[in-house]
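Trainee: To start, I am sharing the structure in question, which I have written as C-alpha cells.
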C-alpha cells in the first residue's frame, strides 16, 4: 500500500489519495461537474448532488424518535431534536439568544450584504433580495382576483383584505376594526 501523500499545488494541503486531491482541487477551480437533472443546479461533489435531489423527490429518510417528523438530512434532524431537548449549543454571550451567527449581527452591527446599485447594506441576504426589487421593478406577488402585482408579499396580504373584507386590527379605544394596524393613544 502506497502511503506517500499527494500535495495540493495551490495551498500545499496534503492528501492520502489522488482522488481526494482531485475533489479538493475543485475548491480552487470552482469546477462543479455534478448537475441536477431537474433544475440544472451544479455541485462540486456527487454526494452533495445526492442530498440536493431529496428536495425534488421529497425523500425524508431521517425521522425524529420523539414526534416522528421526517427530514431529508441528518443535520436537519439533529437541529430539530433540540426542540425536544431544549439544547442551545450556540448561545450569545451577551443576551443568551441561540441563533448565534445571525443574532450576533444585532450586537456587532455587521451588515455583510450590500446593494451593488445604491450600496445600502443589510444583515440578511433575503432583505437584500427584497431591496433589489426597488431597483428592478420586479413585482413577483400577484392578486388572483384583480391581477394587481406587488413587490412584497406583505403588501399583497394587506391588499387581499380589500377583496375579503377581513379587518383583523381592532382599535383598543373604540373597538372599530381596520384592515391595517393603527397606532392608538395609550
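Here the Cβ of each residue, glycine as well, is placed from N, Cα and C on the backbone.
TrEMBL does not curate its annotations; it predicts them automatically.
In case it helps, TrEMBL gives these features for our protein:
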- 6-33: domain 'C2H2-type' (DOMAIN)
- 34-61: domain 'C2H2-type' (DOMAIN)
- 62-89: domain 'C2H2-type' (DOMAIN)
- 90-112: domain 'C2H2-type' (DOMAIN)
- 113-140: domain 'C2H2-type' (DOMAIN)
- 141-168: domain 'C2H2-type' (DOMAIN)
Trainee: Restricting to the domain 'C2H2-type' (34-61), report the mean pLDDT as a whole number.
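Mentor: Result for the domain 'C2H2-type' (34-61): average pLDDT 89.
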Trainee: For the domain 'C2H2-type' (6-33), find every same-chain residue at least 6 residues outside the stretch whose CB is under 8 Å from a CB in it, and list them.
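Mentor: For the domain 'C2H2-type' (6-33), the sequence-distant neighbours (Cβ-Cβ under 8 Å, at least 6 residues beyond its ends) are 42-45.
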Trainee: How many helix, strand and coil residues does the domain 'C2H2-type' (34-61) contain under DSSP?
Mentor: 12 helix, 4 strand, 12 coil
Trainee: How do the residues of the domain 'C2H2-type' (62-89) split into helix, strand and coil according to DSSP?
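Mentor: Looking at the domain 'C2H2-type' (62-89) with DSSP, the answer is 12 helix, 4 strand, 12 coil.
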Trainee: So how many of the residues in the domain 'C2H2-type' (141-168) end up helix, strand or coil by DSSP?
Mentor: 12 helix, 4 strand, 12 coil
